[in-house]
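This report concerns only the one structure given below.
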Amino acid sequence: MLLPSIPSCSFSFVVFVSVLLQTCFSFQLTPLSPKNYPPGASIDTTVNTISPFIGDGRGSDIFNYEYYDERFHFCRPENIAKQSESLGSVLFGDRLYNSPIEIKMLENQDCVPLCASIIPSSDVSFIRDLISKNYVVNWNIDNLPVATYLEGTNSKNYSLSPGFPLGKNTEKGVILFNHYDIVIEYHTTSSDQHRVVGAYVKPVSKESTLVDGNPVCSSSSNPQYLPEGADLTLVTSYSVSWKYSDTPWATRWDKYMHIESRQIRWIFIIHSAIIDTFLIFVVSIILYRTLNRDINKYNSAFVDQEDVQEDFGWKLVHGDVFRPPRRPMLFSILLGTGAQLLFMSSGIVLFAIFGIVAPSRRGSLATATVALFIISGFVSGYVSALSYKLMQGMLRKRNLLLTPFVVPGFMLAAALFFNMVFWSKSSSSTVPFSSWLLLIFLYLLFTVPLSFVGSLIGFRSREFVPPVRTNQIPRQIPSHSIWLSSFPSAIIGGSIPFLVILIELFSILDSLWFHPLYFMFGFSFFCFGILVTTCIMVSIITVYFQLCSENYNWWWRSFITPGFCGIYVFIFSVFYWFFKISSSSLATAVLYFGYSLLISVLVFFLCGSVGFFGAFLFVNKIYASIKID
């Protein structure tokens, strides 16, 4: 009997989840229903952040800045209004405000001056520095990112890159783009409704001109250079033109989702699948040939006992194979966290496959991540308690209390530190204090109670009965090959799951640090499935050879070996820094390597837990198949 109050606990769990989802998604998500505009109607235009971009394959910084940061001196509307954002948008650094640019459906505008501003020399130097680091400006028109055409594409088959350059480095100096040629594509439905299906900007640099102190559109072909050590008077202007498009509203995001490396990705996924298939084949050989033959021989009444002692090492440790590992408290907490991350990752991939998480829903990825992590506190508590009980741990109350606080507490402390670094650089990525309070409130109100409920159910669940008895006196472990030691096994075994996600890791890091849209969830779905399978296969093979060498300390080994994939992720991040990021900023380095370390640790927990679960089922299965006198 599991728990007398299971029905009431289940009802409470459902209520908790319902309230949590309502709380998380009560933040405005980007709407997915089309908006129709009659001729002359005002188009929704907003400004976002100034963000880094990978120029010539390299990035130079990772800090975002608000569009209306005083150092930019951009033109402002009469009343600046902050736009509603999802929780995920706030966490990912989006800061949306209304725009001073007025656009009306099907009305062309030829060079409209916005304003004139005086930029002091210190701010000119700041802007020059960002231009040299390939920063881009981010606008939105009808909730669609304003973009520029990617180089090397043609008019029939083109893709767009969200954002447009702040300026450009030339041989004569640094120029600032202060005129924006805005081209908006529209589509007319069968009911004569007009919809925005594309928006891009061709930024131009024009020498600023004032007439009687008022800004006017310059007819000069000279660019606007940014002087060194001097103030600058800047005039900003824009033009608007409309272009009909056959693209329906439902597919307007396809232009942003051009994948030039699609063929390479499929080839890599096929290679990863081949590796995975080979591992499955090896495990199948072990299970259906070697083990089956060994078990039949071992169970035979006519086999000589000395032959058994000689030939079948994995069966000799049957009296110790379920002996509890060292540090069961720590081990169980890490397994609970890994199960929580597995639940969260699986949910995100499934949400993306079904379109709940998509680039068109701004902030949906981060919002879903937060919601799933909070809900999966139940999974963490249950798996941690069940594992601790399996390992014959005695401090159950301590396990119940530590599970929801150890790893999440480490993550919170790291995130607060990173937030202080963002704040010191006046970056828009600084998470507001109110958002921190909300996250902590959600965690304490939902995750901690859910974790406690999961732990109670786990501790009161049916006792696990090992298929073989554990001897009172531990068996002496003989010496074995160095290749069967923990470290060499982890180095070899952890490299295989890492190779499965290597190509996808490039795209994830590019999206994380330089903000291109990440939409390749189809590839992620295959990679994630192959990763999970590979971790299980690697762990099973490692444990099998370890048991064959009569070493029964397999518990931690089954966790560390596939978990070593996280170490490779960090090593890869170091190479990514040297080959893709050219920055001498200490703050940038601290943030980059801090986030990389945090992500690598979480990958370690995820892969390690998956490997242990597979190995435990494997060990339980094979020892349940032999007869012990």
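First residue shown is number 1, and so on along the chain.
From the backbone N, Cα and C atoms, a Cβ is placed for every residue, glycine too.
Look at the topological domains in Swiss-Prot: VAL317 and SER625 end up on the same side of the membrane. When DSSP labels each residue, the topological domain 'Cytoplasmic' (545-558) comes out as 8 helix, 0 strand, 6 coil, counted as helix, strand and coil in that order. Sequence-distant residue pairs (6 or more apart) of the transmembrane segment (402-422) and the transmembrane segment (489-509) include fewer than 3 whose Cβ atoms are under 8 Å, leaving the two stretches without contact. With a cut-off of 8 Å on Cβ pairs spaced 6 or more residues apart, the transmembrane segment (338-358) and the transmembrane segment (267-287) reach fewer than 3 such pairs and are scored as not touching. Most Cβ pairs under 8 Å to the transmembrane segment (599-619), among the stretches 267-287, 365-385, 559-579, belong to 559-579.
Take the transmembrane segment (559-579) and the stretches 267-287, 489-509, 520-544: counting Cβ pairs under 8 Å, 489-509 has the most.
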